[in-house]
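Structure record follows, encoded as C-alpha cells.
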Amino acid sequence: MPLVGKRHKHHDLRHRLREAFAWRGEEGRADVSQWWADASIMGELGPALADLCSSRDRITTVLAPEATGFLLGPLVAVSLGAGFVEMRRGLSEAELGDQVLLRSTPPDYLSRTVEWGIRRRRLCSAHRVLFVDDWADTSATARTARRLVEDSGATWVGAAVLVDGTAPSERRDLDLRGLLRERELT
C-alpha cells in the first residue's frame, strides 16, 4: 500500500490531533478521548485514514478491532465505499450460532495475549481488506488481523492507523500507514 503523498493534505487535522492529545498518569497512558469528543475531528478521521491508501489498492472491506476500531472502521469504510467487518475478542461459535475464525496475538504493548476472531462468512477470496485502528505500537493486533484475513482467503491490502509507533521493519511488513507517528505526540 504505497503512501500516496496526501499526508500534508490533512496538516490541520494532524495539528488538532496533537493539540487534543495528552499522556496521563505515572505510566504515561495515552488519552485520546478528546479526539472522540470533537465532532470536527471525528468528521475528518475517516477521509484522512482513507487518503493514506491508493485507489490502486481497490479496497472492498475494512476490518477493525473493538473498541476504538469500531469508531474508526466504519468512518473509513464509508469514505472508501467499502464494507465493514468487526474483529472481536473471544468470539464463540456456540454463543453466535455462526462459524468463526480465531487467532491469538503475540504479546501486545501490555505484554498480554488476546484471542481475536471474525465471523468466517464475512471475508472470502473476493475481499481486499484494509485493517484500521487508532494505534499501532507492537503491531500485535495488526499481525493477528492479517493472519485472520489470510485464513479467510481474502487479500491483505495493509493497515491504516491514527498513531504509528511501530518499527520501520514492522511498518513495511504490514504495509502500515499512520496519520501521526508516536514520536510526534509529546
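Keep in mind that glycine also has a Cβ here, set from the backbone N, Cα and C atoms.
Remember, TrEMBL labels are computer predictions, not curated facts.
According to TrEMBL, the protein carries these features:
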- 57-172: domain 'Phosphoribosyltransferase' (DOMAIN)
Mean pLDDT over the domain 'Phosphoribosyltransferase' (57-172): what is the value?
-> 95
Within the domain 'Phosphoribosyltransferase' (57-172), how many residues are helix, strand or coil going by DSSP?
-> 38 helix, 41 strand, 37 coil
